[in-house]
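Here is the structure we will look at, set down as structure tokens.
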């Protein structure tokens, strides 16, 4: 239940009395003597109620009501009036005030009005949240394309984590879309209007890494002409995406850990601490904790980054998404290049579905663009040009078996159900292709 109340009254005795009543009843109270100060600090989607006197120096309670209505017509404002102001207060209720209380009023009268207003505000904010969540879900479906169970799970996780103030570690193979997921976490969260800054840790020479991340003062080192703001400082208020975090030099890992702990940094060549407020989203291909155990990554930083983890399924684990993704990439390429995108033929689709896609979504996008350009498509692994139909069928069968066993982690019953095979036929095919269940556990 909401419990926030803003009290605006120029009389200190009224503010003190109301604060005592409300605090004893469990309300979270903010006091203002002027309406201007209240408006300056009023947050968007304020989870509470405003209680305001009508007659005050500067902006009156009625002018405060008008400005609150302009910003958020569903934010309840309760007016406190003297005896002669009752007709004015009735008119104010027609203009959007939630209630008015005539002075002097009893604590019970005040509490009853506030509780009703807070209940209404709670329903409004919950309704807004649900509408926003539905909008985000629709937008996310157009950003993270796919109908597979893995993609549906990923989208749910992204929506859940986007609004939370926690660092996120994204694990996925090369080309699986780690930066796209990081952008979604930023775009659907409360930092969306602030900077999204991306840095590939593997692309920065070690000797330049500190200056790139932390910035530098003029003359901090040879060639440092002028002050430069680093990526951490530039991302203040927003999100810093550190791709291939496992490549970060150990010396810089220590300094990044300190920034995460203290929310402060020092530019290279400076002793002045600078406050930073940002969210870190890191991406890695290997397991960071295994890297830490091998001495290649700091364990304390790995835990600090891995508050929440998202695993991006490789394309070979979500083959049902391939036709949709291919069509999306082909249409985009056609629009960009001024060409037409021809629909996939059955043989082409079969080759796409049988390929293992080591380059994941990025590789698929490349194949789609090549087709739009009329350059053909690279031959999928395992199916070579010039093979007989029987040989290609064997390769495709082996691939299907391998994919199903990988998906179900060697669960034979699940594989038999998915492929609709008798146990004896399955065993014969496993033996013919040189596969054993233990390979997939």
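Here the Cβ of each residue, glycine as well, is placed from N, Cα and C on the backbone.
Features reported for this protein in TrEMBL:
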- 4-118: domain 'Response regulatory' (DOMAIN)
- 53: 4-aspartylphosphate (MOD_RES)
- 144-373: domain 'Sigma-54 factor interaction' (DOMAIN)
For this session: Give the residue counts of the domain 'Response regulatory' (4-118) per reduced DSSP state, in the order helix, strand, coil.
Result: 55 helix, 25 strand, 35 coil
Problem set entry | Spatial neighbours, same chain, of the residue listed as '4-aspartylphosphate' - Cβ under 8 Å, 6+ residues apart | 8, 9, 10, 11, 14, 61, 79, 80, 81
Exercise. Mean pLDDT over the domain 'Sigma-54 factor interaction' (144-373): what is the value?
Worked result: 90
